[in-house]
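Beneath this line is the structure, given in structure tokens, with notes to follow.
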Amino acid sequence: MEVDREDGRTATMLRPLACSRSVLNRAHGSASWSQGDTKVLAAVFGPKAGTKKTENPEKASIEVIWKPKTGQIGKLEREYEMILKRTLQSICILTINPNTTTSVIIQVVNDDGALLPCAINAACAALVDAGISLKHLAVAICCCLAETGCVILDPTKQEEQKMKAFVYLVFPNSVLSVQVSVPTNAEPMEHGIITSVTHGAMSVEDYFYCLKSGRAATAKLSNFLRSRLQNRLPSDLLADT
């Protein structure tokens, strides 16, 4: 099913991507990430000695601080912090610097849709820029379900507000690790999933279609991210597909 989008994109087309690293002088690592008019800055500080609250002799901890464009942080931003923290914890090798804390600061520059996926992509790029050891790179995308049943990718803010439901998906650039069988006549597929967060109501079939569409689109995101970070990536992360 086709859908008319105000910016002329097809349902599965992403907005123009932009990424720069080492954009902040005082941070140990930093990156900016843009998708269309949505732009986020990410800064990494650490690893630094852990506090009593975060002390763990066996592994490091990740701290995420979300800074909105204007105003105070609210319930939604707290949720974003939690999702981002769990996502980053799953891709970082936390046993290398035990009893330390790495802080990731997210600064929203502009929100025109798919804000959390942009922040996750920016944070991943900033971690690489800081030299933090990762199990693999990760790329995030937002998939939306319209009232008509059509699935669109990388929505603008205006499109998000019209959607019946949407899901944030984060995939690794590594060997697929989770096997999921689609409850249709289709062949079983494998999907490596780091994070999956849904808002609104969608059927199981719609969810798996979002999963399939999102996974296909992340190939472009993965290639773009690796191209921007190439001289900072270890050879094993460059080789991941």
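Backbone N, Cα and C define each Cβ position, glycine as well.
Values in this document were obtained by computation on a predicted structure and should not be read as measured data.
Per TrEMBL, domain 'Exoribonuclease phosphorolytic' is recorded for 14-132.
For the domain 'Exoribonuclease phosphorolytic' (14-132), the DSSP-based tally of helix, strand and coil residues reads 32 helix, 43 strand, 44 coil.
Averaged over the domain 'Exoribonuclease phosphorolytic' (14-132), the predicted model has a pLDDT of 92.
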